[in-house]
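According to TrEMBL, the protein carries these features:
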- 1-39: region 'Disordered' (REGION)
- 17-32: compositional bias 'Polar residues' (COMPBIAS)
- 74-133: domain 'CTLH' (DOMAIN)
- 251-292: repeat 'WD' (REPEAT)
- 297-328: repeat 'WD' (REPEAT)
């Protein structure tokens, strides 16, 4: 079909886009006539959208966005370099690194970039069983860089892999192809400014940060939702129903001010401590969301200001207020006092925390004491 002497050709899915240079008039405004002047912010947004479209595989749409907006997603040198890397043309990729001489952020940026490129080249040659060429890269190109010697030694051991599968497993590498090459590009971006090459998945990062901030500001937020659970079309807002607001049970067994309470990691027990030093352990009914008093643990000389559970929910450390130099360790399964510890009557031990292995814990205080214990009996070291 012809209009005003111009051809509008449609070949399959490829659509010819008029640039407005045809003779005659048209009722459809051209891109240049309808487009407003873009600010730097607008251009940054266009670049982020273009990058996201490419990540989704919508390459033709991204290219159309570039043409219509007049914004390039990357510096020409970066675009050329990316093309070489993604197509596995390693000699050209290494040669094009010289284009970044005046653009790198760090003095050794080019060296580190060259190392990453050669490392990928070496691994791909190994996977293809081109051992002599891989050995040449290792000896003639990687080693002379005198960079990251330990990594070079590790790369050398990969020569012993007998199969491609063993290589990928040993090197924790995805193998030759777009995935591993894209990871190389993502690692290279840290050496170049953002106006040269965009950080990977930048739009996703910004959206995640925005959703996280909205969740922090949400007055009723009480769930472990991720940004993928939220609708991005409106701001995040939890309903008031998400926040517990009805009293289920009132515990009146303590006779003094309750200073601290904490559930066990397994959720089966609750420990509460008060100003008088009384510690009460409660069994938790997970179906009814109620608790029932199990044991009263007495013997604390001071009020209970901190309760720390071991990760296996077997032990409890109890600390007192600022003037307390002691700590108590109870077996939460039997209600028996395992030990009472102190270092000096001048210490202040007000907080504690177990390691994940349950056999070590840290205890510290407001006067600068800091103790690391390797078991519930042995003091490993202290610093003040």
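Every residue number used here counts from 1 along the chain in the order it is shown.
The backbone N, Cα and C atoms fix where each Cβ goes, and this holds for glycine too.
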If you average the pLDDT over the repeat 'WD' (251-292), what number do you get? 92
Intrachain residues whose Cβ lies under 8 Å of the repeat 'WD' (297-328), provided they are six or more past its termini: 256, 259-262, 264-266, 268-269, 271-281, 335, 337-358, 361, 363, 365-367, 376
Tell me the residue counts in helix, strand and coil for the repeat 'WD' (297-328), as DSSP assigns them. 0 helix, 13 strand, 19 coil
